Amino acid sequence: MSDYKKTLHLPDTKFPMKANLTQREPEMLKFWEGIDAYAAMAQASGQKGQYVLHDGPPYANGHIHLGTALNKILKDMVVKSRNMQGYAARYVPGWDCHGLPIEHKVEQELGEKKKELPAHVVRKRCRQYAEKYLDIQRKEFKRLGVLGAWDKPYMTMDPAYESATARELGNFVAAGNVVRSKKPIYWCCSCQTALAEAEVEYYDHTSPSIFVRFPLRDPKVADVLNVDPASAWIVIWTTTPWTLPDNMAVAVHPDHDYAVVRHDGAHYVLAAALVESSAKTFGWENCEVVSTVPGAKLEGLVATHPFYDRPSPVVLADYVVLDSGTGCVHTAPGHGREDYETGLRYGLEILSPLNDEGRFLDSVPFFAGLTVFEANPKVIEKLREVGNLLAERKISHSYPHCWRCKKPVIFRATTQWFIAMEKNDLRARALSAIRNDVRWIPAWGEERIHNMIEFRPDWCISRQRTWGVPIIALLCEGCGEAWNDAAWMRDIADRFAKHPTGCDYWYETPLEGIVPAGLACPHCGGNHWKKETDILDVWFDSGTSFSAVLEQRGDTAFPADLYLEGSDQHRGWFHSSLLASMGTRGVPPYRAVLTHGYVVDGEGRKMSKSIGNVIAPQEIIDKYGAEILRLWVASVDYREDIRISDEILSRLVDAYRRIRNTCRYLLGNIDDLTPEEIVPFSVMDPLDRYALDIVTDAHARIQEAYSEFEFHKVFHTLHNLCVTDLSAFYLDVLKDRLYASAKDSPERRSAQTALLHILLVLVRDMAPVLSFTAEEVFRHIPEALRPAAATVFALRGSDTPLYNVSSDESERWEAVLAVRSEVTKAIEPLRKAGTVGHSLDTHVTLYADHKLADLLRATGTDLRAVFIVSKLNIAPLEDAPQDAFASDEVKGLRIGVAKAPGAKCERCWIYHEELGADPGYPGACARCTTVLRTSGAE
């Protein structure tokens, strides 16, 4: 016989070597949709109880980006892995549909017509816009291979959801936490609405930095400072000159020392610790500190406004610091949180004479009609004109900007609705829950959100917009006071649920259908009312999702086991959800919170259109396939910022190819195995038993990593298993047994049985990450061998049995592997010298001490095959020749390597001293001859 290759049992499978992910993935999506893979996965799980991951709703505006893709893939990995571990882990995707970005887009489309249209018409356009992008994003998320209840998502604009949101506001009212008052809040002049803390982002901004003197003409100055009031001044520093028209006081710290500094015949009061730096700023070369007094003694002195004829008293405040400025703080209660609190303590007027565009009203001398930022240079000019400007500089500092339009915001006192943080100990209870009731992943998230809530102001929940859930309240036309009642609010909320477009009911229903019969204002007795036009903060919308979703749907539960979002949500959804739940339920809405970082480019830079480094998910999908995007998510420690580049993706393509090829090899070598020929673990070849032990250990590490959300460990363990443990060792050793042994021989069936078990464990472990490929592999397992599951995600633990060897057996194999590594080293010099080309060309003698020799012999397997050599002997260590390879890693071992004697079998390539004993099979060894004769090969 001349062509022995045809007699080998080479791998045979229809599973393609080339992935062609971009073409095959859409086909797989159709398959999943056809069998309802999500339902099949759900039906197969639940034995261990329920596990709830609650989806933080992305905004229904625009296409998805890499950050949202990362987030959805992470959630998908959690849901799939938990289901495959036996939990009923459902995924209900959600969308945040209300708010400013959508309303802005609609305003741009409507132009000037928007002002003429009733609110419900504008809201209809907003709803249509949200629906459009919700459908777009749903398709894009499904393209990532994410399974979920896509046909039954939750939407914040759904009538039932809007009703639940309004009902939660009623619950807060019933608890007494909702107040309406005039306070300084973040205000965007461009968007013309109040902003919450979570809607403010900080960017570098250049502002004017000015030092201003206030006349201190109070007669009491003579007694307190021992100087003539006619020559006395108090000096402030500010970076917001536009707030000076609304100055009502100057604040000093009661415990700081304040100096009286004489310069050019005048006396200036400022913090003693800042005299030197201030004098340098002012250009004072000759000045003298004539006295110092504690700040507490300055309280009650009355300064005069620098350009208006009105008093500006000196007040005390603990927040005054000495790290910059003068230690004397310009106080405008209408434009700062701390200023406001000080104003309340001292009964100061809360001035904020601005319209919604940030323009000064006609009542403001010198600056009427100017925007606040237009007013800055005019205020400085006025100060210079009256002689009260001591110094002017520019300063670059971190300044609040609107999250939507990215423009600088201001603090402005307006009448708003708030959730009071101190009422019913809301703040204290939230802080306690953070410390005691929630697991934060990473752990630093606990401190971050704790600090945010510990120092946050009352929650401003009102917005001066149209597209959102209206604040259910009535305003008295007589006195302007508001009225609402929890029971009435709940009744209105119930009507929202029954209305086809939810809270459009508030806008479409005439006033008489809203106002309770005979309602009189409790403040003035009036009976003329109008509806509140403010809407709820969208963070209140999404923050009450625990009520609208977790408590309402049968496939979820309250509280959730996990909230998983980007780290910016410590001040966003995690934050608002916690306050909303603690305020009305008394418990947090989640048991654990996991955060991921931001996606950055390969150099660690934030993605920016101006830099030109933005990568869209669709670009990656079109080039590599969604599977590579999923592998990228799993390959990184997502808790930090995550880098992505073509180089990174190319490396992952190589890693993916190695995993795929391993699966293909496994499939190719079980093609002729039948269920009846599966070998029990107890009688399998010892090497096969050990291989299953390796895979079982890897499986345990992978499942632990899934449980701890350490997906990068899943990837690395999976990759190492395929590349190192399987391809480089076990599968390499098996080739002779699989290819050259008799087709139905016990040793070959043992190997095939091991490969089947390994393959089933492999597809189960890789499915949450490499979902497309795992399903493809699963579908290519011969039907008779494939577990009866509709989809790979429906595999149960019983479908993938796990096996371990004894600790003694494991110890023996660890010794074998250590020796195998040393044998490879010992052969290398001969390979380099050209004496041998392959390890099968060698005869190896292991000179081992008694302990090692006994361990090696006790394996009960053919070590020659394990080391992939043609001949192997074990000899006493003391017989080792002088030139034997001495191992540094394995004690009691030396290795002799020589060219294998005899000739190479033309079929199995193993050297034998006798070949061709059967004339019908010249060049074949005895083993191969027997196989050929038995099989009838000619």
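The backbone N, Cα and C atoms fix where each Cβ goes, glycine too.
Using a 10 Å radius centred on the Cβ of Glu565 (L-isoleucyl-5'-AMP binding site) and all shown protein chains, the other Cβ atoms total 21. The L-isoleucyl-5'-AMP binding site annotation in Swiss-Prot covers Glu565 and rests on sequence analysis.
The ATP binding site annotation in Swiss-Prot covers Lys609 and is backed by sequence analysis. Cβ neighbours of Lys609 (ATP binding site) (same chain, under 8 Å, six or more residues apart in sequence): none.
For Cys925 (Zn(2+) binding site), other Cβ atoms within 10 Å of its Cβ number 26. The feature Zn(2+) binding site is assigned by Swiss-Prot to Cys905, Cys908, Cys925, Cys928.
Within the model, the motif ''HIGH' region' (58-68) shows a mean pLDDT value of 94, rounded to a whole number. As annotated by Swiss-Prot, motif ''HIGH' region' applies to 58-68.
Marked as motif ''KMSKS' region' by Swiss-Prot: 606-610. DSSP places the residues of the motif ''KMSKS' region' (606-610) in helix, strand and coil in these numbers: 0 helix, 1 strand, 4 coil.
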Integer Å distance between the CA atoms belonging to Glu565 (L-isoleucyl-5'-AMP binding site) and Cys928 (Zn(2+) binding site): 61
Neighbours of the Zn(2+) site Cys905, Cys908, Cys925, Cys928: Cβ within 8 Å of the Cβ centroid, same chain, sequence order. Ala740, Glu906, Arg907, Trp909, Ile910, His912, Leu915, Ala924, Ala926, Arg927, Thr929
Compare the Cα of Glu565 (L-isoleucyl-5'-AMP binding site) against each of the binding-site residues Cys905, Cys908, Cys925 and report the nearest. Cys908
The answer for the motif ''HIGH' region' (58-68), taking Cβ pairs under 8 Å and residues 6+ beyond its ends, is 95-97, 99, 101-102, 105, 129-131, 133-134, 136-137, 140-141, 155, 566, 598-599, 607, 614-618, 644
For Cys908 (Zn(2+) binding site), the nonlocal same-chain Cβ neighbours (under 8 Å, six or more residues apart) come out as Asp736, Tyr739, Ala740, Cys925, Arg927, Cys928
Non-local Cβ contacts of Cys905 (Zn(2+) binding site) (under 8 Å, 6 or more apart, same chain)? Tyr911, His912, Leu915, Gly923, Ala924, Cys925, Cys928
DSSP, reduced to three states, assigns Cys928 (Zn(2+) binding site) to helix
